[in-house]
Amino acid sequence: MLMGAPLMAVPALANDKLVELAKDPANWVMTGRDYNAQNYSTMTEINKETVKRLRPAWSFSTGVLHGHEGTPLVVGDKMFIHSPFPNTTFALDLKDPGRIIWQNKPKQNPTARTVACCDVVNRGLAYWPGDDERGALVFRTQLDGHIVAMDAETGETVWMMENADIKVGATLTIAPYVIKDMVIVGSSGAELGVRGYVTAYNVKSGEQVWRSFATGPDEDILLADDFNAPNPHYGQKNLGIETWEGDAWKIGGGTNWGWYAYDPDIDLFYYGSGNPAPWNETMRPGDNKWTMAIWGREATSGKAKFAYQKTPHDEWDYAGVNVMMLSEQEDKEGKMRKLLTHPDRNGIVYTLDRTNGDLISADKMDDTVNWVKEVQLDTGLPVRDPEFGTRMDHKARDICPSAMGYHNQGHDSYDPDRKLFMMGINHICMDWEPFQLPYRAGQFFVGATLDMYPGPKGDRQNALGLGQIKAYNAITGEMAWEKMERFAVWGGTMATAGGLTFYGTLDGFIKARDSDTGDLLWKFKLPSGVIGHPMTYEHEGRQYVAIYYGVGGWPGVGLVFDLADPTAGLGSVGAFKRLKEFTQMGGGVMVFSIDGEGPYSDPNVGEYIPGSPT
Amino acid sequence: MKLISCAVTALLALAAPALAYDGTNCKAPGNCWEPKPGYPEKVEGSQYDPQHDPAELSKQGDALAAMDHRNAWRIWHMKTTGSFEYDVRKIEGYSETELPKVN
């Protein structure tokens, strides 16, 4: 139903109970809901007419503060909830959510906190449905670098492997991602000079299946023999070395801590590699490939079929890890295409043919983007405006977007009926001055001082007007509607067939807008600001909308760590100095339904019965 | 009017070399970086030389190899005993230098 008519006559290669499970609106089995990563639901019980009756049905506190990113998973009668450090996992019973079925609380070295660049967040869990041999598993990454498999029924740890070493500044905040019988794990730490890599593990044993790096020799990057053959001008062999001076690629960043998408018909998964290290561009001449690239990799082998570098030689920390949303649409010539749409930190929304990497469109998400004049679709090259580049012994001013990007980690949505991408956008610009610094493994390796503030359409005097939400058509490049927000729309969006677009805000609301007009139809004041994306599921015939609250992440570091210097928090403290007037820390899930109906509409549900263990 | 536009053109022409790197002049496909005016083609030996210590640059690779090694023992232990043990020091026969023997 969401996939549309398949373009290729090849039978689905994926195993793939996850695809089947995702077709049932009762489940939300992965980040982005299904492999298309559209955050879209076909449910219509909650719609433009009924949304004003949306009320909380129940809630759950995770017992920890700090940023709550991502979204819970729902499979059958269970909701799986994750938390920031120490990354405790909970399973709740949807028939009686007052009861915690299991919790798995890891012991982690608290030192892990000191090498997290941008709060101790985590973006979510993954689910593997099980087979004849072994029951279902839930996967978790931990800040201290571990990937853990837990039994979905009992919560017991099945295996736990080391993926990243905090001693060299490598951590994990990304959500794991299950494809076939593998769990894919990304990496974090470019602010500490960590060379990025992505790893696949066997879901049952934890054995490494493959690992690929973002920089260095081609055999490390795992290039397919025909890598970029359809678009040789993107670059092909040996560029992981040639676009760096000397051994700088060994500490070259390119971590991936964003999101994945997967096309089972062609067995390719998609993600973006992050920024090069350090932020000081003068210390690393070259295009710095393959940082800042959109990847199409064969899931089974890990080999890259294509890569397109969005930001050659980054000068602004436009870490290219953002969400990948898949769709099937007619291009301008009327040809049906399998597409991938990706709103990048650098202020450009890229749409590629996901079968071969062809560049279809590259539009500014706001006309105030100034580092680039345009992206040439034929060469794929961004035409830089030298006035807004950065360099040593120079303080660049009024660069848009800022290092926080016009779009960050938020997982957005795509409405296939309206052919619109609902994008949570930032409106932040910056001044930037780099400085020289040495590399010491385990220490920060940034080398730039930043001041950030609202973009031209915001209120610089009062430090407000830092966000936007827009509905975008990837083929025409037009915005169906756009609205300003007080703060950056950091957490992403979710669209439904009810004609609604849901999202949370840093100042503590969940909002529902009309997907056709952008009109605000409903909102609710949550206990704290939101940096995760909404989700929806059906249970016992009723549609629920759930969202995490708990402000934090990069925009929250000033509030979370009580910082006052505007250049602290890698420059975010100044930009978000007003945030504390609207919210404080929190941590939990809030679940909504029409009239707040839910498991406790009958108050006797969950009551104590003498002699019963529950 | 013509005079003014000539002056503007002259100014731009003067300014252009100082702001040249626009990312569209490629040495080879996928390799389009150029030094900015006044900045070196190579930083080694220049005032911007990062002077990286090779010992520091190798630490990440060493850390990955050590983690992969410990993981190999954990997997071997689970395969041979059927139970998972994270702490490699508790795995019988564990060696920091040698991989487990696979039958």
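The chain as shown is numbered from 1 upward.
The backbone N, Cα and C atoms fix where each Cβ goes, glycine too.
Note that the structure is a prediction, hence the values are computed from the model and not measured.
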Message: Starting from the Ca(2+) binding annotation in TrEMBL that includes A:Glu191, A:Asp317, which of A:Asn231, A:Asn238, A:Asn275, A:Asn370 is the extra site residue?
response: A:Asn275
Query: A:Cys117, A:Cys400: which one closes the disulfide with A:Cys118 in TrEMBL?
result: A:Cys117
Message: If I go by TrEMBL, which of A:Arg123, A:Arg337, A:Arg345 binds pyrroloquinoline quinone at the same site as A:Glu69, A:Thr173, A:Gly189, A:Ala190, A:Thr255?
response: A:Arg123
- line: The number of other Cβ atoms within 10 Å of the Cβ of A:Thr255 (pyrroloquinoline quinone binding site), counted over all protein chains shown, is 32
Statement: Cβ atoms other than its own within 10 Å of the Cβ of A:Glu191 (Ca(2+) binding site), all chains, total 25
Statement: Other than A:Glu191, A:Asn275, A:Asp317, the chain contributes near Ca(2+) (Cβ within 8 Å of their centroid) the residues A:Cys117, A:Ala190, A:Gly253, A:Gly274, A:Pro276, A:Ala277, A:Trp279, A:Asp314, A:Ala319, A:Ala403, A:Val446
Field: Residue, out of the recorded positions A:Cys117, A:Cys118, A:Ala190, whose Cβ gathers the largest set of other Cβ atoms within 10 Å
entry: A:Ala190
Message: Suppose we draw a 10 Å sphere around the Cβ of A:Thr173 (pyrroloquinoline quinone binding site). How many other Cβ atoms does it contain, all chains included?
response: 31
Field: A:Glu69, A:Arg123, A:Thr173 filtered to the binding-site residues whose C-alpha is within 10 Å of A:Glu191 (Ca(2+) binding site)
entry: none
Task: Could you measure the widest C-alpha to C-alpha distance across A:Glu69, A:Arg123, A:Thr173, A:Gly189, A:Ala190, A:Thr255, the residues recorded as binding pyrroloquinoline quinone, and give it to a whole number of angstrom?
output: 20
